């Protein structure tokens, strides 16, 4: 009869069965074994707990049940007979059989009672009926099956189908370990007075009463005194829990109503294993009858089948040939063998002796959760049901967490739905047993990008915290009834947006506390995310002083009049939340679970992030549709608060969450998305954004829009660099594309791309003109921004953003610009330095001349990383590289904004470092409208050769040109604020600064070039405006605009000094002797790159001069820039570009380092450089 651990005779030391399941079968079935010995007349107010007196005299004379007197436990579990009035009989059968709550207990420890019906299926199993008494004889090896003897015979039954006759589980009202959300789900469809007693899942041993009344479920803690008595109200204490339930079934005594009807146990517990002797996993293929196909996956297909031996419906997963190794397939089965949880799909067996291979699991009739949510009746699947589903998944993942398993593919499509909304996590194809903190996937592994954590995308490393990230996305799927995450956002954009702090917006009707949990799961740093134990606890404590139905109703602007509220109804007004009180006077408020939180406003603190606004169109929004804060006048001032509610006391998660701000995402060299592939689309502004409220995003990403005035043009955004800045910096230095501006919008200038602007700023696509047909999109800059290739009438509107949100409101003007032809014959897409190329010069095109040229010298760092920098041989003294000019309309009287060097953050933070693969052509002799200049509104009809100088209120001088030099292109009389843009086409002839990474001679040492200076004292402390302009061939040319620059890593020159152009600062520029040849594409290969990396690694281990190391490093960068496009997988490309960025920064540090050459271990700069080279090699070898 199977293997036994021990034989149980008359000895009192009975081995206890395994833990019971938390749910049982539905209503008790009538049994006609015996009639009630004493017929009774039942009155109208019938209560099943009031008819117990006659059971006290019933004494059990024997086990076999052949005595006429009968035993009290057996009588307790049979329904009323025909001598009871029909109404009373129907109620008794509906809610449960009559129970003896006050009778004597049994003294036989081996006497058990059946909790559920069980039908024998062979292998010496025994059929039992609910309420039947049994004597346990022993258990099988794993304790999952018990050998019992009843009056019908002897055999095996599941251990979790029986319980000791004196245990609490024999009572119909006791449900064992049940979560709070599961209790609300079980009671949600019942009537007033329905109740259950449960043990808290999060606090074992803590019992509670869950009672439904008037559409609300109330939870009462059952307290225990020192002498072992239990009570709900301190005045009424009892020796046993049964006495307590009997008391409150007759009088409310502090409860909202009396306990009338025990909630039925809806689901039988899971039976692990199909029989007591089936302990081998290999199955006979002929035992399975295959039926229809359910679906297919990456490695195989899933069918419905029947296990003929047990007449059991199963799910059969087959393996496609040549798609997975047999060992990998068996690993999935091995993982499933180790896990046993009510909310994890159970493995039944495998067929691996010959192909095709099978994995046989339990069958879930309602399919995957994703399709179920999309097709369900939302009036039936209410917010209570959704919360119940999420709690089950959280419980399953907490179990995996304790077992050190990671799932790696947690999503709604991989969860299955059964009867009574039971959800089980399935698809363990990627699951792994964790032996350390993280697991690194093998090369070529595929993962769903929108569900995968950022660290997993970048480094292929997985942990339980990466599953927590996926669980947050799964919550979002549940809250939206199966919507696809990141709607309208391409896969290539997801990491890019996440890195900048973007997170999905709060779904319509989603309670703020649930959204807080999502945002906590989406913390950038894995250490800052909660564990699954904490998320499970969060669901237990989420709605102490309210119900989720009421929260959803308030979110949707509806009165919480019923519990059946559809939690996803768009565009309803949001009503202010208020603290809810009980609908009936409750005398025992201190014992209601969560009563200590009754004074807290659970919904008063609004969830952070973007709040819902007008519905987005059916296009592809890459920014949230919710662009306005729920409290328009509120401005979040602390970035630490952006992931939680303003009031931490009211936040459900604050009791155990780490109060840490997520670290700033690492800045990469370039965007992970490819350049725009639709150059023909044009955009123009159509929206009005005068009422956009101040926003602050999570993870340290903050920005504040300019305030609109009646006479100001609505603000517009353009693609610049992304940099992180403190909000409202009073220093307000000059602003460049890399975030040198003192706060304000400067932190997000790189956040808007044409695809993003199209949806969020009301852009509409226009038709290209005939002259634009040949135009090509310009490669994206190193700051992850990009510009569209053209606009109607060859015009593009650009926006210059305010430098400081506390300074005077600056007028934002639109600047006319045309698309530029990208440099020809460029093999590397990210080379940010200009390249001398005679044949690459584009034909001159008629364009308006520059109107205002800022004058002044510029302090430039060594080896400037940008490509928009060029100095001609004919540059006059005092003319350097142009920075950024802040010159709003009326600047003389309003004070203007300070000028500073473009691209150098004042606070020392480095912007995104350029990748050595983007082409940045140099300037033509004709004016390019990508570089806006200032127009003097007062100078008209001035000869072209007359140079006039304008000075603002701070003493900054600007070169003014007459208006007739500008062709009519709109907005002639408005001054422009100069902002660095994407680089223009190359000129026919120019002497350029050559990037060392493209030098053919690595030993060549460039000479130094010092930019001339022409400075003017400012009125605020003698700081100088570091600005320069480059006239070309004596003509009135336009300023050369440098892109964002990385500050010097030296102690003598601070970024703040460079940004403000401190007097006397002169920084030498490296200039090569001659233009170098690029490495041809056919010479770039994986082997060549690894060989170059090994050469640099070898050089680092020997005492060689720094200059030699720098030259070797630049040669490696040259190979990397050409090899990046050869990497097929986006995830590996992410990590590769980030490693190249680190290498380039390390080379910059080494170049300016004054430390003597050494070996790694003694020089930290060399250590960093060696780690970067090793990281590049690792990524390439994946």
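Glycine residues also receive a Cβ, built from the backbone N, Cα and C atoms like all the rest.
Annotated in Swiss-Prot:
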BINDING   294-302, 317, 362-368  ATP binding site
COMPBIAS  825-849  compositional bias 'Basic and acidic residues'
MOD_RES   97  phosphoserine
MOD_RES   116  phosphotyrosine
MOD_RES   174  phosphotyrosine
MOD_RES   272  phosphotyrosine
MOD_RES   275  phosphoserine
MOD_RES   299  phosphotyrosine
MOD_RES   439  phosphotyrosine
MOD_RES   459  phosphotyrosine
MOD_RES   568  phosphotyrosine
MOD_RES   633  phosphoserine
MOD_RES   776  N6-acetyllysine
MOD_RES   783  phosphoserine
REGION    694-930  region 'F-actin-binding'
REGION    1020-1182  region 'F-actin-binding'
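Features recorded in Swiss-Prot, as mapped to the structure shown.
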residue: 116; record: phosphotyrosine; DSSP class: coil
residue: 174; record: phosphotyrosine; DSSP class: strand
residue: 272; record: phosphotyrosine; DSSP class: coil
residue: 294; record: ATP binding site; DSSP class: strand
residue: 300; record: ATP binding site; DSSP class: coil
residue: 317; record: ATP binding site; DSSP class: strand
residue: 364; record: ATP binding site; DSSP class: coil
residue: 459; record: phosphotyrosine; DSSP class: helix
Fill in the blank from the handout: Here the Cα-Cα span from residue 272 (phosphotyrosine) to residue 364 (ATP binding site), rounded to a whole number of angstrom, reaches 15
Problem - Mean of the pLDDT scores, which run from 0 to 100, over the region 'F-actin-binding' (1020-1182) - result: 65
Problem - Cβ neighbours within the same chain of residue 294 (ATP binding site) - under 8 Å, at least six residues apart - result: 302, 303, 304, 315, 367
Fill in the blank from the handout: Counting other C-beta atoms within 10 angstroms, the emptiest spot among the modified residues 116, 174, 459 is 459
Exercise for the section: Among all chains shown, work out which of the binding-site residues 300, 367 has the most CB atoms within 10 A of its CB. Expected result: 300
Practice task
Can you tell which of 272, 317 has the least company, meaning the fewest other C-beta atoms within 10 angstroms of its C-beta, among these recorded positions?
Solution key: 272
Problem - Separation of alpha carbons, residue 459 (phosphotyrosine) and residue 364 (ATP binding site) (Å) - result: 35
Practice task
Compute the C-alpha separation of residue 459 (phosphotyrosine) from residue 116 (phosphotyrosine), stating it in Å without decimals.
Solution key: 50
Practice task
Tally every other Cβ atom lying within 10 Å of the Cβ atom of residue 364 (ATP binding site).
Solution key: 21
Fill in the blank from the handout: Taking only the CA atoms, the spacing between residue 116 (phosphotyrosine) and residue 275 (phosphoserine), expressed in whole angstrom, is 17
Handout entry: Cα-Cα distance linking residue 275 (phosphoserine) and residue 300 (ATP binding site), given in Å to the nearest integer
Key = 28
